[in-house]
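What Swiss-Prot records for this protein:
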BINDING   Cys43, Cys44, Cys108, Cys139  [4Fe-4S] cluster binding site
Amino acid sequence: MNSIEFPLLDQTTQNSVISTTLNDFSNWSRLSSLWPLLYGTSCCFIEFASLIGSRFDFDRYGLVPRSSPRQADLILTAGTVTMKMAPSLVRLYEQMPEPKYVIAMGACTITGGMFSTDSYSTVRGVDKLIPVDVYLPGCPPKPEAIIDAITKLRKKISREIYEDPISFQRENRCFTINHKFHVGYSTYTGNYGQEFFYQPPSTSEIASDTFF
């Protein structure tokens with residue numbers, strides 16, 4: 001069920017000896033034991049909760065929900081993310097050990113949804129805060145779509161090449177409280193002071209193409 005193809009795992013001998021690499025073996029062990037951290041804020045989370053029942057039985061994928069980010073390697077954001085919630089979401093992501101993955105579930109998480117038109121406190125896309133691996137559109141998405149997103153993530157993990165965490169290049173992530181985003185570096189110390197919510201400089205000091 002949901003078999004994943006490995007280029008180097010199909011070379012077997014008559015003595016049942018498997019020829020593979022450490023990288024493929026590590027990917028194989030990780031894709032069948034994803035431990036998600038559920039970050040649900042609205043109706044999308046209810047759809048995910050239905051997977052726990054016997055009808056869908058998401059335990060067959062090796063998913064074990066965790067309540068601590070230090071024990072999780074997958075965070076699933078479901079629902080609206082506001083500016084006040086943004087620092088806690090970034091902190092949870094930074095506390096997760098490498099390698100870690102993100103599934104953005106629902107229109108409100110991906111683009112802000114219906115709240116993005118007239119709300120001043122809604123984040124227009126969680127990818128402004130943390131990198132997203134799989135986008136799952138819908139309002140809300142069905143449980144079958146969630147299973148499909150998890151399957152796509154497992155296929156992505158099976159083809160990964162291990163990267164040294166020290167040399168891993170992180171992208172610039174930032175946010176402000178008034179939706180005038182300015183490119184800057186994330187804070188990885190775990191200490192979130194007033195300097196994290198910096199005052200955006202005037203438009204005369206920044207080129208127009210730096211806003212998004």
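Using N, Cα and C of the backbone, Cβ positions are placed for all residues, glycine too.
Remember, it's a predicted structure, so these values are computed and weren't measured experimentally.
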- Least buried of the binding-site residues Cys43, Cys44, Cys108, Cys139, going by other Cβ atoms within 10 Å? Cys139
- Query: Can you list, in sequence order, the residues of the same chain other than Cys43, Cys44, Cys108, Cys139 whose CB lies within 8 Å of the CB centroid of the [4Fe-4S] cluster site?
  - Reply: Ser42, Ala78, Gly79, Thr80, Met105, Gly106, Ala107, Thr109, Gly113, Gly138, Pro140
